[in-house]
Amino acid sequence: MQRSPLEKASVVSKLFFSWTRPILRKGYRQRLELSDIYQIPSVDSADNLSEKLEREWDRELASKKNPKLINALRRCFFWRFMFYGIFLYLGEVTKAVQPLLLGRIIASYDPDNKEERSIAIYLGIGLCLLFIVRTLLLHPAIFGLHHIGMQMRIAMFSLIYKKTLKLSSRVLDKISIGQLVSLLSNNLNKFDEGLALAHFVWIAPLQVALLMGLIWELLQASAFCGLGFLIVLALFQAGLGRMMMKYRDQRAGKINERLVITSEMIENIQSVKAYCWEEAMEKMIENLRQTELKLTRKAAYVRYFNSSAFFFSGFFVVFLSVLPYALIKGIILRKIFTTISFCIVLRMAVTRQFPWAVQTWYDSLGAINKIQDFLQKQEYKTLEYNLTTTEVVMENVTAFWEEGFGELFEKAKQNNNNRKTSNGDDSLFFSNFSLLGTPVLKDINFKIERGQLLAVAGSTGAGKTSLLMMIMGELEPSEGKIKHSGRISFCSQFSWIMPGTIKENIIFGVSYDEYRYRSVIKACQLEEDISKFAEKDNIVLGEGGITLSGGQRARISLARAVYKDADLYLLDSPFGYLDVLTEKEIFESCVCKLMANKTRILVTSKMEHLKKADKILILHEGSSYFYGTFSELQNLRPDFSSKLMGCDSFDQFSAERRNSILTETLRRFSLEGDAPVSWTETKKQSFKQTGEFGEKRKNSILNPINSIRKFSIVQKTPLQMNGIEEDSDEPLERRLSLVPDSEQGEAILPRISVISTGPTLQARRRQSVLNLMTHSVNQGQNIHRKTTASTRKVSLAPQANLTELDIYSRRLSQETGLEISEEINEEDLKECFFDDMESIPAVTTWNTYLRYITVHKSLIFVLIWCLVIFLAEVAASLVVLWLLGNTPLQDKGNSTHSRNNSYAVIITSTSSYYVFYIYVGVADTLLAMGFFRGLPLVHTLITVSKILHHKMLHSVLQAPMSTLNTLKAGGILNRFSKDIAILDDLLPLTIFDFIQLLLIVIGAIAVVAVLQPYIFVATVPVIVAFIMLRAYFLQTSQQLKQLESEGRSPIFTHLVTSLKGLWTLRAFGRQPYFETLFHKALNLHTANWFLYLSTLRWFQMRIEMIFVIFFIAVTFISILTTGEGEGRVGIILTLAMNIMSTLQWAVNSSIDVDSLMRSVSRVFKFIDMPTEDKPTKSTKPYKNGQLSKVMIIENSHVKKDDIWPSGGQMTVKDLTAKYTEGGNAILENISFSISPGQRVGLLGRTGSGKSTLLSAFLRLLNTEGEIQIDGVSWDSITLQQWRKAFGVIPQKVFIFSGTFRKNLDPYEQWSDQEIWKVADEVGLRSVIEQFPGKLDFVLVDGGCVLSHGHKQLMCLARSVLSKAKILLLDEPSAHLDPVTYQIIRRTLKQAFADCTVILCEHRIEAMLECQQFLVIEENKVRQYDSIQKLLNERSLFRQAISPSDRVKLFPHRNSSKCKSKPQIAALKEETEEEVHDTRL
């Protein structure tokens, strides 16, 4: 960045903002880069501002019981705020004084006041000076207030971030990431521009009082008629505003429904294409869009009438103010024109400035209160450590994740002791304790000496991670003692990578030691990986390490923990992403050798690790199942394998455990209050929803760590009756909305499921910050596209014969990615706050305007209609103004007024009252035409938005994957969320305002030019200057806004990054470093925003300066060229004053239109994307109709001769696949053939191209060569027909928000009987029947209530329903429990017995039934043969497979020889495998 010219700027340069000229000149000539932006002044740095506010807030906390954040802000910013407020008031006062001078100028043309004619020129000079003074006062004041608002936002940004790093884990479990982002964006953004309006809460009343006093002097009591009308109008607008809010709230839910489905479609676009669901998804989204648009139109109509009421209220204000006076005392032109000028200012103060000021204060105080509540949340408390101790000890430790359970625990014990004394009931305490919820850890005892290794094992949800959290101090024990030195290093289960180099991630702020660093790199097997990078360990990693594989991220996280010199190392399942060989080497070299003298606690379930551990702690349901050595474990606990593997079924849990699971699940799987569920119809009802439960569930958030043991209150306990009720003041659930907030405040969009018929259960959830920290987010990506994490679920019980409790318990142990439909993950969050600069020009091109206008043919006619109405209005206005300017004056001798009252001509003749009749008629006509003139325009523009959304949706669905791979998912979603919201909400009204203002200005100029032709000569250069100035400024301003948006992104991504690694940050004590990084991100954004505000004020000031020159010319031309008669000069000067404010408004509106039209440009860019195939008629099958000979889905009503494919024979010839056209080949010259009904297994190492081959079969990539199915080439039929020949079970399971029926049969072509039959075949019937509504049960959030196994069965059912002859399976057994895996194998044998099956699988057992194997290596087919031939001595396959796996392939060879001995085997740690970019 460059040094700012502001530092050396003179006072005059600062006053006129001339110091911004270099950046404006550069932006006009070339594209601006970040290096062109000026550095911020030191007073605006985040360090200084945050320190200042933090000092005052600490002072407030220390001095009062009820601290107020507004007091801290007042001490920091109040006096500067008031200083600029006084300047703003003085500038507004000049607006009230100007009509007085105008009246005196008009009066000087009265024939009876010829002696004052000589001072008219001086009055004109005074009037011009008032405009100059107003300009010099208002713009510095407005800029100063914007500057203060910016500083307040920066200071509170920093304060919130620092508080976030201090929050306890319990609090983080109750706060969603959406709340934090909303706190930092929606709330704090109100200070930036809203602060300039805040002063009008006192300026507007003072101004109204001053104006009413001046109008009273002119019109006496009739002045209050106009004021009364304005007050009624303000109330009317307030009513319209409330109506608009109602429609907006209703519409918000519909928008969110559409965005949920759209985001799911975008994230799973490859699956949508593989299933041929383009038409179904398009129809589903368009139906939601149709419902949304009905409410959009209603809200737009209300906003339109609200805007129109302001524009056309001026006629009635003047009319109601003047009429009573004129009826009594006659028409006085001076008073009419003076009153018109007063009423213009009065109308703005009453109907705009004061309501906006009140709204600003309401929103700002609300935001301050929210921030204040957040700043008073419970903080993370560091445990007291003994630095001299060398051992780690836990004695009788019990802990709850729920805040306050420790106090409830102690209260229950006390009550129990009291009752035992009086009643002697020993069991009472334990019954009360069961009501309080299950502890996450209970009575934990262990002791390890320095240098020992403690292995902690247990099933999912047993409390392993919670144990580490308690040692770190993240979880406070309710009772018991913890003892250790406090020098801790931590490696999280889910790898966390901060933005920076590999070296910076490993060192992480610790002093650099070359020898130690190299030793750690070697021990963690990172040498080979680092050597492959050109920059070695100085390669910069993106946020989350998106350029690394899962194994690389895991090893870097482990290296970071090992590099720190600590006494105690906490390793939470660090080997989850590593292959067996790498895991073994790292465990030996790193854990056992490099850290041999250190105390280590390793969470693992690997038998090899347990054998080498000094001590073993096995947890089961939060309790210590075993503690001792491995030999003791084998002797004392021979059944420990089941506890270790987590094979307990739900029915085997204790009654207390089952109750905790059920209530916790219901907490999180909350029911919509208005869901049409008839519980009385369900005999299997196992719970009741009470009012207390309804309130509690609103605040529930899934925490995978303690999901089984968290407590949910269904009924009030005795302790609650005594007033001990937890979380009674917790704020209601809030989410981050994808829809831009309106000017009235933020819109919190409720999560509403897709509409369906029949009994439904609608569910919603949100993600807590703690959940974000503990998510296993899969970060697989391809060379062009970063995909969103797929959802992974782990089952607690077998997948068949489930009870209703089992169904709901599936929600507990899931490991799910943060979905964009609910909360936005870090990559999508970045996308949602700025758009890529891409190829969109800085200024919207005329071609975009032309295309927009011609989208809907009627739009052109509507614009012509508006122009015709405008011409009629101008003509009517000319008639009235001509009458006022040329009304014959009454003879002085017949005047009823004395000399003292004749400052202006008075028209009292009865015949002259026709002026009023004409004025009333014209006013009524203008009101009618004005109110309804723009309505067709707004209606048509919303229709245009509807058409553009439809075209863009169709274009995205039909676009090839090679094009979609070059786009980011967040960017695509932005088009459907932010840009469509702009087209729906902002653009129609902004275009209407601009056209309205432009026509008003043109009309006023036309009237002035008719009355005084000389003025027209001065108007032409002014208009030219405006156009040139606008073009000059627009080039730079749009670029600065783009840079500002881009600079906003790091703020929020840094917040999410910090939250995901918060436990690591605290363990390493790196909070100050991350605060510094956050301040740098704030300063970067501030530099762009401050420069944008400065250039905007430069532009606004230049506009006023041009107009001041114009007004000076108009004033002197009218004064010097006008003869007798005050009417004409009054009209000219009044209209000139009106032109000033209106033209500025029009120019600003034109800039807004240009900015909003950039959204239209982006939408057109998506519409213009290439399509996969030429448009063809729908190939949707009909159950009772004959189809063409090229058939896709087999149908019992169709003759066999018409069915294709009939056998499933495939021939692949010279197949080459590329991700993008012209890119490197991923597969080269693949040739082989598959016989009908044959089963082929794909073999190869990770990244060899197995999943890519399956994608190539579906033509999802750029392909060359030929594939034939039953003799039909893929070039001879459409893509839809080709893809429907395949059944697909993808690696990334796709469950969209909708009913079971919709997910299984989106085209609604099968009957319930047929769907149930298939559900029986795949083992889903027992699962679906447990849900209320059965097939009509609404699944949300990617099927959050289903395990991963259930979702795989859903995909299997889809393939069975499709009756495809070729089945593609991409890692179908990944993360499946044995029961579901057996169901899939059985279904493949039965339902697909005569189908061709192509299987990509890592499990050797899954390959047993394949007749042929295709070995892929280095993107080519190396071998294609039977398993027997592949296992010969020369085979590459034989070299890759271990001897034990060979035995598994042929178990019959050894089964008869000897009976295998029972062995104790451990299940692999339940973590997500790395998902590759080529997955289906």
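Glycine residues also receive a Cβ, built from the backbone N, Cα and C atoms like all the rest.
The ATP 1 binding site annotation in Swiss-Prot covers TRP401, SER434, GLY458, SER459, THR460, GLY461, ALA462, GLY463, LYS464, THR465, GLN493. DSSP assigns TRP401 (ATP 1 binding site) to coil in the three-state reduction, outside any helix or strand. Around the Cβ of TRP401 (ATP 1 binding site), 24 further Cβ atoms fall within 10 Å across all displayed protein chains.
Residues annotated as ATP 2 binding site in Swiss-Prot: TYR1219, GLY1244, ARG1245, THR1246, GLY1247, SER1248, GLY1249, LYS1250, SER1251. GLY1249 (ATP 2 binding site) falls outside any helix or strand according to DSSP and counts as coil.
Taken from Swiss-Prot, the feature ubiquitin cross-link covers LYS688, and the record attributes it to similarity to another entry.
What Swiss-Prot lists as domain 'ABC transmembrane type-1 1' is 81-365, and the listing cites sequence analysis.
According to Swiss-Prot, the feature domain 'ABC transporter 2' maps to 1210-1443.
Here Swiss-Prot flags 654-831 as region 'Disordered R region', drawing on similarity to another entry.
Residues annotated as topological domain 'Cytoplasmic' in Swiss-Prot, with similarity to another entry given as evidence: 1-77 (among others).
Positions annotated as topological domain 'Extracellular' by Swiss-Prot: 99-122 (among others).
Per Swiss-Prot, topological domain 'Cytoplasmic' is recorded for 147-195 (among others).
For 217-222 (among others), the entry in Swiss-Prot reads topological domain 'Extracellular', with the evidence type similarity to another entry. Look at the topological domain 'Extracellular' (217-222): DSSP puts its residues at 6 helix, 0 strand, 0 coil.
As annotated by Swiss-Prot, topological domain 'Cytoplasmic' applies to 244-298 (among others), with the evidence given as similarity to another entry.
The topological domain 'Extracellular' annotation in Swiss-Prot covers 320-339 (among others) and is backed by similarity to another entry. For the topological domain 'Extracellular' (320-339), the mean pLDDT of the prediction comes to 74.
Here Swiss-Prot flags 359-858 (among others) as topological domain 'Cytoplasmic'.
Look at Swiss-Prot and you will find 880-918 (among others) tagged as topological domain 'Extracellular', backed by similarity to another entry.
Among the features that Swiss-Prot reports, topological domain 'Cytoplasmic' is placed at 940-990 (among others).
Feature annotation from Swiss-Prot assigns topological domain 'Cytoplasmic' to 1035-1095 (among others).
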Looking only at the topological domain 'Cytoplasmic' (940-990), what are its DSSP counts of helix, strand and coil residues?
45 helix, 0 strand, 6 coil
Restricting to CB pairs under 8 Å, which listed stretch, 299-319, 340-358, 1131-1151, is in contact most with the transmembrane segment (78-98)?
340-358
Go through the chain and flag residues at least 6 beyond the ends of the transmembrane segment (1014-1034) whose CB is under 8 A from any CB in it; none is fine as an answer.
24, 28, 842-843, 1005, 1008, 1095, 1098-1099, 1102-1103, 1106-1107, 1109-1110, 1113-1114, 1117-1118, 1121, 1132, 1143, 1147, 1150-1151, 1154
Paired segments the transmembrane segment (340-358) and the transmembrane segment (1096-1116) in contact, 3+ CB pairs under 8 A:
no
Based on Cα distances to TRP401 (ATP 1 binding site), point out the closest of the binding-site residues TYR1219, GLY1249, SER1251.
SER1251
Using a Cβ-Cβ cut-off of under 8 Å, list the residues of the same chain that are 6+ residues beyond the ends of the transmembrane segment (123-146) and lie near it.
15, 17, 80-81, 83-85, 87-88, 90-92, 94-95, 97-98, 101-102, 104-105, 108, 192-193, 195-196, 198-199, 1093-1094, 1097, 1100-1101, 1104-1105, 1107-1108, 1111-1112, 1115-1116, 1119, 1133, 1140
Alpha-carbon distance [LYS464 (ATP 1 binding site); GLY1249 (ATP 2 binding site)] in Å:
37
Pairwise Cα distance for SER1251 (ATP 2 binding site)/GLN493 (ATP 1 binding site) [Å, integer]:
27
Nearest-integer angstrom distance between the alpha carbons (Cα) of TYR1219 (ATP 2 binding site) and GLN493 (ATP 1 binding site):
33
The topological domain 'Extracellular' (217-222): which same-chain residues, six or more beyond its ends, come within Cβ distance under 8 Å?
103, 321-325, 335, 338-339, 342
For the topological domain 'Cytoplasmic' (147-195), how many residues does DSSP put in helix, in strand and in coil?
42 helix, 2 strand, 5 coil
